[in-house]
Amino acid sequence: MRFFFLWKCLPLRRVCCMLSKLEYNSGGWKLMLSIKLTVTARRPRSWILGGRGEQGGGDGEVSARGPGRVTSHGVHRILLAANYSALFLGTLASSLLSRFYFVHGGSSRWVSTLVQSAGFPLLLPLIYFSPRPPRTAFTPRLVLLCVLIGLFLGVNNLFISWGVSYLPVSTSSLILSSQLAFNLLLSVVLVRQQLYFTNLNCVLLLTLSSILLALNHSHERPSGVTSSQYIIGVLTTLGAAVMFAVYLPIAQIVYRGVTAFRTVMEMQVAMEAVATGFAMVGMAATGGFKQMKREAAAEFDLGRARYWVIIGATIASWQLCFMGTAGMVFLTSSLNSGICSTALLVVNVVGGLVVFHDEFGVQKAASTVLCVWGFASYLFGEYRRKTKADEEEELMGAANPTSNAAGNYGEIV
């Protein structure tokens, strides 16, 4: 009975049975079996969309890229590549399409705010077909945090809309890169992010890039935009950068209690639903729904059909951007996500030059060079640290080889 219990309850890999001895007593011959149980614990199950468990090797390895995340190397790389691709495509397309909306007759900043978060239903099929984690992490506290962060993102989206309506894509993108300085400071304070010279050098260069761009804007104002409107655009874009920098480390803190990537998507749905509700209240209060119909019917110079195509494409692109950002925070860190987002803003500068023929003077060229230099510095530092960490891991593995846990002896009469 004792053996049956152990067999059902322990993840056994091997059971060795051997005849110990035969004893004779007053009751007759008695067969004594010594059963040696060599117990090798199975590695914790690695959920295909992320998880958390005890540190171990192989499939149950705790990823160095994401503290506490348990995934196989292959799954982690797939998720990382998918989220970075979503971030790349979303960042470029959302910036260009948002500006395209205003250039061709769109004028509602509330519509521009709404489309930034209204794509959350696109995540529902992914959530439905994703493996369910062993236990849910959606506590009342987590729901409250999602609501508060959703309202915060709604205000941030409104600031972005104001900035995009007044500034060229290349200018707003480079100003948004200043979020990295605030992100580094908050990451150090809130999540105890380690500081390295390459990180500080990257932040310094990207901040100088934004300051250089902000020194003189008068020659690159879009037609029809006054000086005061341009200043409003700069200030609101800078405010959006600060708010985004606050969001990233807060998201990293919240994700510490999350055990699966599916839960991250569920949280994104909750946050963006709240942000969408915020935008819809603003539209209802300012007549935004009527204005949306009027824009589609008469004001958008490319026609009604293309108006709705642009709106739909903008919704999808913003969803890619935000989901990619959240995924990068979950899989890596808030600072890494911020640096990747900032580096991709250089692509927006090139996109603005190609699509909208933005001016590209000496200041903007120098700003772009500083931005690329800073990101290259960060990549070099991360490469050196990763190489050193891999070497140390190999040395530790050689010094501490995995051994089986030998176990219990039972007796059957």
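Each Cβ is built from the backbone N, Cα and C atoms, and glycine gets one as well.
These figures come from a predicted structure and were not determined experimentally.
The signal peptide feature in TrEMBL is assigned to 1-17.
As annotated by TrEMBL, transmembrane segment applies to 78-98 (among others).
Residues or ranges marked as transmembrane segment in TrEMBL: 110-130 (among others). Tertiary neighbourhood of the transmembrane segment (110-130): same-chain residues 48-49, 94, 98, 101-102, 153-154, 157-158, 160-161, 164-165, 261-262, 265-266, 268-269, 272-273, 275-276, 279-280, 282-283, 286, 288, 291-292, 295, 311, 314-316, 318-319, 322-323, selected by CB-CB distance under 8 Å and a gap of 6+ residues from either end.
Below 8 angstroms of C-beta separation, residues 98, 109-110, 112-113, 116-117, 232-233, 236-237, 239-240, 243-244, 246-247, 250-251, 254, 257, 267, 270-279, 282 of the same chain, each at least six residues beyond the ends of the transmembrane segment (142-162), sit close to that stretch. Taken from TrEMBL, the feature transmembrane segment applies to 142-162 (among others).
Annotation source TrEMBL lists transmembrane segment at 198-218 (among others).
The annotation transmembrane segment is assigned in TrEMBL to 230-248 (among others). Long-range contacts of the transmembrane segment (230-248) within the same chain, counting only residues at least 6 positions beyond its ends with a Cβ under 8 Å from a Cβ of the stretch, are 149, 152-153, 155-156, 159-160, 162-167, 172, 175-183, 186-187, 214, 217, 221, 325, 329, 334-335, 337-338.
Sequence-distant neighbours of the transmembrane segment (269-287) (same chain, 6+ residues past either end, Cβ-Cβ under 8 Å): 108, 110-111, 113-114, 116-120, 123-124, 127, 143, 146-147, 149-151, 153-155, 157-158, 319, 322. As annotated by TrEMBL, transmembrane segment applies to 269-287 (among others).
Within the same chain, residues 50, 63, 65-66, 69, 76, 79-80, 82-91, 93-94, 97-98, 100-101, 104, 106, 111, 115-120, 122-123, 248, 251-252, 255, 258, 261, 264-265, 267-268, 272, 295-296, 300, 337, 340-341 sit at least 6 positions outside the transmembrane segment (307-331) and bring their C-beta atoms closer than 8 Å to a C-beta of that stretch. Annotated transmembrane segment per TrEMBL: 307-331 (among others), in sequence order.
What TrEMBL lists as transmembrane segment is 338-356 (among others).
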